[in-house]
Structures are given as structure tokens and as C-alpha cells.
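Colleague: Just passing along the structure, written as C-alpha cells.
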Amino acid sequence: MTTPKAFDNTAYENSSEDDNFPDKPADIIQEPEIQREIEEAKSSEPTCIFKLLALTGSTLAFILIGGIFFNSGVLYVTFLEHFGADRGVTAWAGSVQLAMVFGAGPAAAALANRFNCYVAVISGGLLATLGLIISSFATDIYFLISSYGFMTGIGLGLVYAPAVMLMGKVFTTRRGLAVGIVVSGMSSGWLSYPFIMRSLLDNCGWQICLRVLAAMTFVICICGVCMIPAERKTSNTTKRGLDIKIIRNPNLLLLCLAMMAYLFGLSVVSVHVPAFGETLGFSVQQGSMLATIMGATSLLGRIFFGAIADVKKCDILVANAIAVTCTGIPVMLYITSNSYAMLASFVGTYGFFSASFPTYVPLLVLEFVGIDKMVSGKGIAMF
């Protein structure tokens, strides 16, 4: 983690030998300028209420993102039956959305840097809501790929990076736990949405399901409003766009490559596991339950990995490498499942260890590029 800059010692260097405390550092001699700097630093720290409001807003935003992001597989079977396209083409709707959530990272960072994180969150919430409403009127799979995949995905992507990186600005202590709580929101959505979506699909049809999801997604805009007080307290007056020069940082570049490999495996599991369960003879409800199992174990994992990140002796780079390795094992082996218990165990293991990456990436970006460039770093890492 970054350490605060030392105060300017000009007053100490210019002090004469006749000073009463010649050997006392300037930040202890209470010079007016230094006093002013200390007071300004303290005044820029958000109050506890503002911190909790920002934490609540970011966590709720992640619940709403995760509910849609991780449960495209629940809709996949319905889209497959309704539009009559082959499996590969139908899967593009969910896969494109997943790609756009991360592909919109640089745009989200540029918007957050130029204006504020809450502006990016509100804009993304509006775009994702519009994408879901338009998707409910889709007449063919390619229409759906454009609206559900591209539009909704980009909207959710504009929310993702700013909402989590705001925690780096707001929290100076327990930052790992704060990030862990926020990203656990995605798992909460992952856990709860399958029941909501399954009920809507069975009783109302996929069009009404998407419209209800759109109404729920609009709440992201309210989450953005909750972030305003805390961010205004911490915002720098200098506004800038995306800082692409930081891609020269070798550590960040390696993290980007790792993120790319991680996302390849993520899309396979989250999109195809429910349908794979049905090919083994399991019911639609059992297929949806697999998504719930992933969400439950991921929720535990994100809080767990976030909490241990604040332990002084924990090297988050090493911890992340071990957890990501453990994530890859069930991804390779789940297709060998021949029973529901076996598939559920692979899915649960995957959910727990895959939680390390979204928890540790924001903290690693902060460590690699510093707090001033962390939003740009997170946006580039997502891309």
C-alpha cells in the first residue's frame, strides 16, 4: 500500500541556530503553513456516515451488477428455445455482455477521472437499464446480442471499476475489507437472482423478466447518488482523462494479461454450467441451483480474501496466485462430472477461489500505480 508523503521541511532547513528547538523537525514545530496542511488533510477525510453511505451504495450496485452478470446462463436456455438459434450463436448474448463489462473499463476510468466516480456509476446505470428494456422487445438473437450483450454490458461496465475503486479513495484503513464487502455484492446478486429470474420466466415470460430486471437495475443510479457526499470530500480539483501511460508499468501489464486469462475461464463457467447440468439430465431448477451454489461460495470467498488482505504479513500477490491456481482446477475438471453432487462440488470450489481475483485486483492496482492513478489502472486492467 502507498504511504503518505512527508511534509515539507523548508521551515526546518531555514531555521537559525538561535531557535529554541533547533533539532526539532518542522512538522512538530507548529508552523502556520504546516498546521494548515494538517487541517486540510483532516478536513478532506470523509466522515464515518459518508464512508458507510458510499460503502452501501457501492455494495448495492455490485449486487445489481452481479445478478445480471453471472446469471446469463439462466436466461440462455429460454433464449435458446424462443429464438431457435444454435447454441453457439445464442451463447453470444451472455458472452458479449461479459466481455463488454470488462471492455468498458477504460471508458469508465476516463469518465470517472474527467468528472467523478458517481457520474460514471449513474451514467452506467441508465445505459444498462435502457439496454434491458430494449432487449425485452428483441425479435431475433442478433437484436438481443446488440441490446442485451453490448448496450447492457457497457452500462454495467461503466459502473464496475468506479464503484470499487472509490473505496480506495474513501478508506485509508481496512481498505481490503471494504473492497471485499463491495465485491461480495456481486456474489449476493449471483446468489439471489436465479430464484427471481426463474420465477419471472416461469410465470411471466422472458420479456416481463427483462423489464423487471431493468427496473431493479435503475436502482444503480440511486447508488451513484449515495456516493456523492464521500467523493466530494475526497475529490481532487484537477480533472483529467484516462492515463494510458501507466500501461508501461510492467507489474500492471502482467496483471492485465492475468485478467485476460481469468476472464476466459470465467465466461465458460458462468454461461455454460446451467445448460451443461441439463445435458446430464438435471432439471432446469437444478441448473439454476448451480448458479446459486457458485454465488454462495463466492460470497464467502470475497469477504474472506478481503479480510486477510488487511493482515500485515499477508502478501496479496502470493495469496492471489495461489487462489487463482486453485480456481483453474475445477474449470478443467467440471466436464468430467457424472453426478449432481460432483458437479456441485466443482462449482462450489470454483466459486470460492475465483473470488480472490476481483477482490485483489483493485488492491494490486492501488499498490502498483498509487492512489492518484488507481481508477485509470483498474480501467486498463479490466480491458
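Note: Cβ is positioned from N, Cα and C throughout, glycine not excepted.
Taken from TrEMBL, the feature domain 'Major facilitator superfamily (MFS) profile' applies to 50-383. Taken from TrEMBL, the feature region 'Disordered' applies to 1-25. Per TrEMBL, transmembrane segment is recorded for 52-77, 89-108, 115-135, 141-164, 176-196, 208-230, 251-275, 287-305, 317-335, 341-366.
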Colleague: Give the nonlocal contacts of the transmembrane segment (317-335) in its own chain as ranges (CB under 8 Å, at least six residues past its ends).
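Modeller: Contacts with the transmembrane segment (317-335): 258, 262, 265, 268-269, 273, 276, 305, 308-309, 343, 346-347, 349-350, 353-357, 360, 364.
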Colleague: So what pLDDT does the domain 'Major facilitator superfamily (MFS) profile' (50-383) average out to?
Modeller: 86
Colleague: Tally Cβ pairs under 8 Å between the transmembrane segment (176-196) and each listed stretch (89-108, 115-135, 141-164, 208-230), then give the stretch with the top tally.
Modeller: 141-164
